[in-house]
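Take a look at the structure set out below.
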């Protein structure tokens, strides 16, 4: 049994290492899950490249022809990534769960055995005394008077609790036999999988995962923009900081850069923490500190292409701070924009100016006195912070809980408290709006920051001292060369 057990340890260690590595290097998989796609023309080749057949996970909802005669198919991307659908990985995951169950059973058996063994040890002296009296009575029956007989009966009575202990030993012995058989079966299966996977070393697996990540990002780039149709359940990443704050990743940098920035509080703050990876942020380790030259106001900050864009405290000035050079590259006043809680979201917090980025660039969401407190959207030039174009949505900002941009569309929530939903959308491409009814679970009942990241296609939120992610479901159209 020793050799198979050693092989179990080797395989599980390898798989755990690969699994951990995959979880750190494939953040983009979170953003692709549950995305709805409309496919036309020859774009079906994307499906063939990533997912060879419908059995691999793609589900076709419907098909039809458009006005030009092109075939339109509506499909839903699989909810699990490629690695999870690998039969060997699925089998290994099931085996690892079995090993975990066996480990728990062994721990329970060990606990009971130690407890019962201690009881047996405590009664050892009593058993010896009974044995001596029995031998004496056997050698000299006349010495067994009523008093000594009663003492012997009393000692035997004290030994009666040993009977259920012995019965438990019998039960545990049968369970150990079953566990031994299960371990033997696991060892055989794991050895077979190990032989099958023997051709792949860790570096090759790493290369294959990187290739998969590249293909996924390529596919996501071709998906183009879409309309928000759903928000997933919340994924709590960490509980840290005060009730209000913001956290984010860069919306423009390559996927290999997984830095996370955190800014606690909503006014007068100057301290920005930069974590190396999301995993480091979750653990609160491996970070550097940036001390901003000017304090911030609100929580509507955004990291875009290596720079932090934020609203300067007690002003309508937007500052572009470059992380690498640790310097302010440009600052510009957002003409007429309210500040210092003149036109905040419903939760207050100096949230007058909300900066955000999506697939189409950098945006500022705010309001002015001439606009009577209604939300104004301005598209900004990232280098100069010059306003390129402005839209008046007609929606009162004080009635909004939070807002975010996806594909040049502003989505607004009706509250920052529990029971909130996304119920207003303004389309800058057509200068039109509609009321929506997209629910989402406000788990911690007080959202003070909600921003979309187009690179990962997820919503980042700061919810009552918790840092939370939401996947989004977008109805998207793949652009082809013939379109």
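Keep in mind that glycine also has a Cβ here, set from the backbone N, Cα and C atoms.
Positions annotated as signal peptide by TrEMBL: 1-16.
Along the coiled coil (166-196), the predicted structure has mean pLDDT 72. Annotation comment: TrEMBL describes 166-196 as coiled coil.
Annotated domain 'Olfactomedin-like' per TrEMBL: 224-476, in sequence order.
Counted within 10 Å of its Cβ, the other Cβ atoms near residue 407 (disulfide bond) come to 19, all protein chains included. Residues annotated as disulfide bond in TrEMBL: 225-407.
Packing around residue 225 (disulfide bond) is summarised by its Cβ count: 17 other Cβ atoms lie within 10 angstroms of its Cβ, all protein chains included.
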